[in-house]
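J.: Pasting the feature list from TrEMBL:
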ACT_SITE  S234  active site, nucleophile
ACT_SITE  H299  active site
DOMAIN    166-315  domain 'Peptidase S54 rhomboid'
TRANSMEM  120-139  transmembrane segment
TRANSMEM  170-191  transmembrane segment
TRANSMEM  203-223  transmembrane segment
TRANSMEM  235-254  transmembrane segment
TRANSMEM  261-283  transmembrane segment
TRANSMEM  295-314  transmembrane segment
TRANSMEM  326-344  transmembrane segment
Amino acid sequence: QLDPENTGFIGVETFASLVHSHELPLDPAKLDMLVALAQGNDEGQVCYQELVDLISSKRSSSFKRAIANGQRALPRDVLLDETGLGFYKRFVRYVAYEILPCEMDRRWYFYQHRMCPPPVFMAAVTLTQIIVFLCYGARLNKWVLQTYHPEYMKSPLVYHPGHRARAWRFLTYMFMHVGLEQLGFNALLQLMIGVPLEMVHGILRISFLYLAGVLAGSLTVSITDMRAPLVGGSGGVYALCSAHLANVVMNWAGMRCPYKLLRMVLALVGMSSEVGRAVWLRFSPPLPASGPQPSFMAHLAGAIVGISMGLTILRSYEESLQDQCGWWVLLLSYGTFLLFAVFWN
């Protein structure tokens, strides 16, 4: 009725009066974005398709472009001023300030977040790793540094250079861990960093990043440390952590997470200590007769994947990766590395 000529546009004032008179239940953040987009076009009109995209929470770079061009007039309210929130909504707000550097992005995520689908990927991976560890621990009756047990390295899940023709081992090694300390470190980071990242960026992006780090880790070991086996999910964990830390550094001024400098130092110290421990076990094993110990190269490969591909993913919140030239360059580089490693093996 308000667009008799079927142009797909109506004036901002008309739309505002429509919202006011009918009390439409639109999220405040989405309403702000729609007004910002309207101010970005030449005639200052509301586009019907943009309204549909916002209501359906469809990823689009149009609002990002409007923000970049300064074509917006948004309220200066911050989420920290919200009162009367329940426990879950306070947790969602906490996640928004942990992961996102822009207040508008934080508000958008806070208002459009839904519990479905839940962040099941990182939780499922962590639970599976714990179950596998408990099963082998009970079977071998050896809970610390299990890799020294000959039967442990015969598992069909472990990546071993002598069995690299069994391609599933390049991924399934992430479910095995050399001891309680490695499992605890990886599980802690997966839950503290991986779950919030999955809540914000979605299961597809975070699972792709995690598995890309895992696969890059095993293939790198198969090229650079050809005699060593490999266990643990450190490739995927370091991909997530390095991407998140790099994103925090790149957006240092906008990040509002408390004690960010102290927490970053602790994270770097913990990750460096884990790498140092892996290097020590590789070259100075307590039981040399047991054969080569697991390689540490997966940690470094995962960190490289996170800083390159992962940083691009995390900086593209609510933007389509397919529209970015840099994303395709990184994807092509990763694919080239995979082909090279496959032919090398």
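Residue positions begin at 1 at the first shown residue.
Glycine is no exception: its Cβ is also placed from the backbone N, Cα and C atoms.
Curation plays no part in TrEMBL annotations; they are all automatic predictions.
Mind mapping these onto the model and telling me what they sit next to?
T.: Around the Cβ of S234 (active site, nucleophile), 32 further Cβ atoms fall within 10 Å across all displayed protein chains.
Around the Cβ of H299 (active site), the same chain contributes G217, S234, G235, Y238, M271, E274, V275, A278, each under 8 angstroms and 6 or more positions distant in sequence.
Beyond the transmembrane segment (295-314), the same-chain residues lying 6 or more positions past its ends with a Cβ under 8 Å from any Cβ of the stretch are 99, 197, 201, 205, 208-209, 212-214, 216-221, 224-225, 228-230, 232, 234-244, 246-247, 250, 271, 274-275, 278-279, 281-282, 321, 324, 326-327, 330-331, 333-334.
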J.: For the domain 'Peptidase S54 rhomboid' (166-315), what are the DSSP-based totals of helix, strand and coil residues?
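T.: The counts are 113 helix, 1 strand, 36 coil.
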J.: Pairs 6 or more apart in sequence, C-beta under 8 angstroms, 3 or more of them: is that satisfied by the transmembrane segment (326-344) and the transmembrane segment (203-223)?
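T.: Answer yes: the transmembrane segment (326-344) meets the transmembrane segment (203-223) with 3 or more Cβ pairs below 8 Å.
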J.: What parts of the chain pack near the transmembrane segment (203-223), using Cβ distances under 8 Å and only residues at least 6 beyond its ends?
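T.: Counting only partners 6 or more residues beyond its ends, the transmembrane segment (203-223) has Cβ contacts under 8 Å with 117, 119-122, 125, 159, 161, 164, 169-171, 173-174, 194, 197, 230, 233-240, 243, 295, 297-302, 304-306, 309-310, 313, 321, 334, 337-338, 341-342, 344-345.
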